Amino acid sequence: MLCLTVVLLVTWTLGGAQQNIFWEVQRYDGWYNNLLHHGRGSVGARLLRLLPANYADGVYQALQEPHVPNARQLSNMVARGPSGLPSRRNTTVLAVFFGFHVLSEILGTEKPGCPAEFLNIRIPSGDLVFDPEGTGAVVLPFQRIHWALETGQSPNSPREQTNEVTGWLDGSSIYGPSHSWSDALRSFSGGQLAAGPSGQLPKETDGRVPMWKALDPSTGQGGPRGIYDLGNAWGNENRFLQAESIAWFRYHNHLATELAQARPSWSDEDIFQHTRKKVIATFQSIVLYEWLPALLGRAVPEYTGYQQHMDPSLSPEFVAAAELFLATMVPAGVYKRDLSCQFQNVSSPGGTFPAMRLCNNYWSRESTGVQQAEDVDGLLLGMSSQIAEREDNILVEDLQDYWYGPLKYSRTDFMASWLQRGRDLGLPTYNQARERFGLQPLQDWMDLLTPVPLGLLHWGNHTVLKNVADLYANNTARLEMLPGGMLEADSPLFSAIILDQFVRLRDGDRFWFENTKNGLFTEAEAREIRNTTFRDVLAAVKVLRRSLPVSPHAGDPCPQPQQLTAELLANCTPMTVLDYFEGSGAGFGIIIVILFCLPLVSLFAAWIVAILRKRDFKKLEKKKASVRWEVASEAIHAMEWHGPKTDSSPVYIQLQADKVLKVLDGRGSVLRSISLKTHGRVEVILSSNKGNKALLLKSPKEYDLVLLFNEEAERSNFMGKLREYLRKSCLDLLVSEMKEQSLLKRAVTQEQRKQILETFFRHLFAQVLDIEKSDAGELNFESSQKAKESLTCELSRAEFAEALGLKAHSMFVDSMFSLADKDGNGYISFREFLDILVVFMKGSSEEKSKVMFRMYDIDENGFLSKEEFLRMLRSFIEISNNCLSREQAEQVTESMFRASGFQDRDELTWEDFHYMLRDHDSELRFTQLCIKGVPEVFKKNLHNRVSFIKKDGCHAEVVAVLQREEDALIWTLQPTAWIRRTPSHALLVEPQNDASLPVFARANQYQLHLYTEAQRKKYQRNKVQQKIQEFKRFIENYRRHIVCVVLFSAITAGLFVERAYYYAFASPSTGIAQTTFVGIIISRGSAACVSFMYSYILLTMCRNLITVLRETFLNHYIPFDAAVDFHRWIAMAALIFSVLHTAGHIVNVYIFSVTPLSVLSCLFSSVFMNDGSQLPQKYYWWVFQSIPGMTGVLLLIILAVMYVFATHHFRRVSFQAFWITHHLYVLLYVLVIIHGSYALVQQPRFHIYFIIPALIYGADKLLSLSRKKVEINVVKAELLPSGVTHLRFQRPQDFDYKSGQWVRIACMALGTTEYHPFTLTSAPHEDTLSLHIRAVGPWTTRLRELYAPESLALYLDGPFGEGHQEWHKFEVSVLVGGGIGVTPFASILKDLVFKSSINSKLMCKKIYFIWVTRTQRQFEWLADIIREVEEADKNELVSVHIYITQLAEKFDLRTTMLYICERHFQKVLNKSLFTGLRSITHFGRPPFVPFFDSLQEVHPEVHKIGVFSCGPPGMTKSVEKACQQLNKKDQAYFAHHYENF
């Protein structure tokens, strides 16, 4: 009902508004004038060619040099000459500019074409106006006009230009070429056009009407000021044309006012349409019957009626001919006068002149000529009294040299421009045009001299003729229409073209005022209109009195003072060249720097977050420990100076009662202890300048202590306490003073002490091992002072402990130091250290055992009691964090006494002790005292031991072999019998004292069952063959990865090439490739790649889908386990293409910032409209004010944040920050969609790539969310050693998983929703799920604090698959776990044993589990699992090797004794001393190469061995290198799968 009411209301309103309109109102856009051909004469109609197009290729390419003369050169030849000659026909300047107003009524061909094409005008070198310096490099730009895009495709359809206004004399220059334009001009009150404040001038433009706003070439000003809203966009081109338009604006309002007074009841629409009808009719009459005859000097044929089949379309020949015909009559200046015939002077910056200079009034913004209505009257009156220039071939310099220029040039050549326009239009030759209009063609250049037949060159300028003929090679057939028509004396050709056009316009116009059949006017009204002259129009608007003539004649009361010449007028402002990028360079550079610094800003933010997280974590640790050290009240605060290149640190000094000065840090940790017991006196040096704040405490056998106090009073306080302390300790104090600089130079810093110790050890080992002096470094090369310091140097207890890699307070250090310090002064001299070192480096086994005996014979009674033996044992195992209890140590002691037959003794002599070690004579022989920091040159003199597996017949043993390597010594032995190693296999032999044996070892007591005794033949390969084999194995191992990467890369490269090629060569002609070729192909190609990568990267995160697919046949072709690595690879590649995309757009932004608006309006028609200003948007508009720019900057910020926080380091430091920032991917995709939806260059394409991956990812995410909502109760939570939290929780219904898989959990009790991944340690057959979580970060630490089951409620997401669950697909699998990375193998081991116990069919026949741990106490829970596996493993499927890496990787005294203790413990209890397991325990880091090499010999029938590692990157890299090295051999192939944590 409401809709019907609105329709009726609108109908009634419109009907009422037009109730007095009984004729067909003529459309504003020219359509439907011809009812047979609706589009004729309409806006956008094509020009009508009277002759075939004259293009170079017959299609669209304009004729250019050398086929036609240079436009500027031809202009100088044809149009240059003296000005100031009056018109022969007495034509006024008013008539000339009225003619330009008429052309603007029917012609609108100024709009540049798209894509932008240029016919630039090359300026001859030395041109006086445009190239006075003779550079020869000046080129004036000239842009081709708009054409019908469907033309110019073939010779049958050559290019045809379009007219952007109506081709009818329908008042479009007054009312606009469209209905909306007309509405914008109207006031909608009294039928009038909207006026400015004065009521006599139109209103200044406000942007609603697309007025042309070219820059003022005189001042460079632009903008809407001084630009009026008129019916024609170019109506403000100059003040004189503007005045003509204003006169018609006033005439409309004058008639509307009269009509409103006569018809007060009429509506605004009635008045407006009646007035418009009469104004149009009056305009038609004046143009055809007053102006045109006066202009051409001939009568116009009588009107015979409307001719429907007459085509009134404008011709290209008319477009050019009319412009040049009128241009020849344009004067250099225009007079102004008033009604009393007083001519007014005009002020300008150069002074006062009699008239307004034409060249300084193009698009004028500050002209004094037209500021008020009276100024318009003065111009119209002045033009009516002024005689135009003669109708000849000469143009004034205001047009030829100072026409307003295109693009960045403020000036150009009017004649040269129209010569180029004629070539752009494809105009015919001069002779063709003459023949078309019935004129005799030019046969000979000499005919130009005959005045009558052709009427050419009546003044006979032979020079001009000769020059023009030379330019056309004396070929009259090549003479172009425009220069030929210009050279005609009376312009017969141009006159014929103009007359033909206007007659066709009149006869083909259905709305012509004389057409009585259209119902517009009666015959009487038509006669009245026919009798109305332009004088009447001007008189009606009170510009002049009706009694005054509009054109001069004999007896004119207001004759012009004189014919104007350029010399009488102000000088033209010379040409300037705009720099669109002027003032933008610095800002643009800063933006580029900022964009490229975004990662650094993000890195800084991540660093701040990392600091805050570390601070919070430290607070958490302190809270957890609940112990805080407080500095004692007697401690003195100061800053310790470490050296000139090291920052000072705050310390606290404590003076202890036992003559010890302690240096502590802020947490109370002891940094250093200085013993004063051996000091006869204490030497202190004080600074005597710079505020007296420095103090040096000399420590003769250590490095000095330099303290810096805040002020002298603090130092004095410390000195007072020190004097009192030394007095009570009976020590002397020697105090001296010197300048601070000398004090610091005299101090021995820690770095200097380190260099002294380095020299000490180098020469120490040089003497022991007989190293050449050149290798050790002769003392002669060093200063005598340094040599003396090195030889007289003595080690403190702390330095001795550091050299051994132990703690200063350990029992081993205490015993060894006491033994070495023979003089008991608390320091070890060079000679004392040499004596003990010689024993361990070159001594016999007896000498070494005697040293150990003396070390632990505390009471020096020559006997070693059980308590002392126990102390010795505990000193060796304390480096394993006292992992053995006293009971276990006593048990080992008793077993060793019992094994040697000393169970009834309480004390041992040295002979007894040496007998106890009888089975380990060889081990003692190789025992050394390993010194930390031994120079590399000495390592070649050391040996080490590695463990690996050998096979003899059908038996396999774990053996240890002594060999020389550059690494430290590693001991791994479980001996039962000696074996001799042969090239093919190992043979069991009896023990023998054969020193010639190059290699010896002991076999493990556990035999491994083999499945076949086949031996694989070995081939010796050279290095090239090894490289080839390594490459083959690499391809074999990573063939799926390679195929996927290559395929993905090929698709990406294909997308890049396709888009780049498309925009470079195959895209629709938008002109963007010609504008920014490099930038567009880089930006569009990379955009396609980014769209593809950012879309399909989602698939790598579809964990549920991957878990399902990896169990299908697709896993044989796609490495689903590498999804995370592939995710990172895609992310890095996408980042590279994002940077490339940004770089491409940086190029684009720069180019677009210097590209004129006429070109930009073609490239981005939906964004820019060409208003003639040519000023492009600044760079900051593209970056910060456009949708693509703003979203692009935001995307770069998001990418910088996401990528920095996703790095391994920051992910470990703050997982929460990674979790939060990585969820910005949602915003990233939203911005990417918005970024492309603006369709600045192309239609959005992101959805093509995004929809399918997004739907898959969305479904996968919904599946995860459905699980996350289920709260799971924790059944058991317990705290295990080494910060491990064990959680056992309910197994959700239908939760099926495989061993080795992982889940993601969240704990809402921690106040965060972030999910963390953990590997399940429970086996699939168990009823509950279990996790072992190590507290290594804030989240896991806080989780450990909430370990009570009632406090924990978990949300579970998973399970998800990974490579470790492939263990069962290999006959032999090696599992390598380091640190918390052992968790997936706990589930695998339990699963394997369970399946074996129920006789489940397994492909896997043997598993080697290598557990690498710093100390077994770190993961005692895993030892419990291994113990369960050992008890349940009846088929001996699992072989466990445990490597304890906390021990120094050197085969020294400690390692030897640990091995001996381990051997006895294993022998007595059949389990390891350290782990309590039957598994083999090794000390040091695992030697993967020998271990894997032994597997190749133990399992020769196995072609592929699966290696699965999980742990720190360093360990997995070592495993990977070992696999790569062994894959060079033609034996079993090692396929490595790894995960880092």
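Glycine residues also receive a Cβ, built from the backbone N, Cα and C atoms like all the rest.
Segment annotation: TrEMBL labels transmembrane segment over residues 1150-1169 (candidates 1130-1149, 1150-1169). Comparison of 586-612, 1150-1169, 1217-1240 by number of C-beta pairs under 8 angstroms to the transmembrane segment (1089-1106) places 1217-1240 first. Tallying C-beta pairs under 8 angstroms between the transmembrane segment (586-612) and each of 1038-1056, 1150-1169, 1181-1205 places 1181-1205 first.
Counting same-chain residues at least six beyond the ends of the transmembrane segment (1038-1056), those with a Cβ under 8 angstroms from any Cβ of the stretch are 1085-1086, 1088-1089, 1092-1093, 1096, 1116-1119, 1122, 1126, 1129-1130, 1133, 1137.
With a cut-off of 8 Å between Cβ atoms, the residues of this chain six or more beyond the transmembrane segment (1181-1205) that come close are 591, 595, 598-599, 601-603, 605-606, 609, 1131, 1135, 1138, 1142, 1145, 1148-1149, 1152-1153, 1167, 1211, 1214, 1217-1218, 1221-1222, 1224-1225, 1227-1228, 1231-1232, 1234-1238, 1240.
Taking DSSP states H, G and I as helix and E and B as strand, the domain 'FAD-binding FR-type' (1267-1366) has 20 helix, 43 strand, 37 coil.
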